[in-house]
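Going by TrEMBL, these are the annotated features:
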- 69-211: domain 'SIS' (DOMAIN)
- 86: site 'Catalytically relevant' (SITE)
- 138: site 'Catalytically relevant' (SITE)
- 179: site 'Catalytically relevant' (SITE)
- 220: site 'Catalytically relevant' (SITE)
- 237-296: domain 'CBS' (DOMAIN)
- 305-358: domain 'CBS' (DOMAIN)
């Protein structure tokens, strides 16, 4: 296959036959008679990208990578990441991943660093510089400033013998065969490699520090995992004036407003010491009405309530409450919350758990 005008070969499976070259020459503004992405061409692109990523995996120097990971793990300060253009997005993302895993990390803009932000760096810190070419002017200007602060400098580059690698304390070569872009220009493979490398190192650090699931969840309180490991029943239950409470001697018909107005679908029957006696649901009301007819006007809640309801404690994890609601012999929509003396302190509902994101 002959080389393109750029002097590099196209990806192995890329078919240029369907490319509108006239439109490309006009900066993409040409009016093609017919534009289409075929299934085969799309598949070929993904296959080509897979081949290019496999080249990275096959040629990555594991010894270099291990040294890099150990340096980050032993850092006594903050691990700063920097880059320019698309590499900046990768650097920022990798830094955020480390922060979410409880590592001290931050993104440092090379431009802002030269206008004051370099003050964040100290001799305890590590500065990791992402650059495909290793010739990025902004990063090369940043290096002497960072070195003057005493930071340890690591470059992550893909072009052998580049100037950035020569002025840093350490360089990790990220093997790149070429970009998937037909002109070998758009950073679509190099940035994928950078992201895979950075995130894999992050997981290695996570494993080395034995980060627990609970510690991870503590950094993600708004996510489903975080909520399931952080929220307890007491955090999501209704309490005090929100509870549909009645006494066992109260007539059913006198408690209809309480049954329907609190949004729990039940009555919580308590004694004079506020200990739970049982529950009476809207389903119990329908069954009682069907079986008793007009006699329901004379029936008390205590006569028809369930005296052995499922209950749960306030310190139980909220996710366990959901499991208990769904357990055999049949699912329920709520659980009374009681303390060790069976005193009623709240109610947790399925709707409330779902609304909380569980």
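In case you wondered, yes, glycine gets a Cβ from its N, Cα and C as well.
Automated prediction, rather than curation, is the source of TrEMBL annotations.
Long-range Cβ proximity for residue 138 (site 'Catalytically relevant'), meaning a same-chain Cβ under 8 A and a gap of 6 or more residues, is found for 84, 110, 111. Listed in sequence order, 187, 191 are the same-chain residues at least 6 apart in sequence whose CB falls under 8 Å from the CB of residue 86 (site 'Catalytically relevant'). Taken through DSSP, the domain 'CBS' (305-358) splits into 15 helix, 15 strand, 24 coil. Other C-beta atoms found within 10 angstroms of the C-beta of residue 179 (site 'Catalytically relevant') number 21, with every protein chain shown included.
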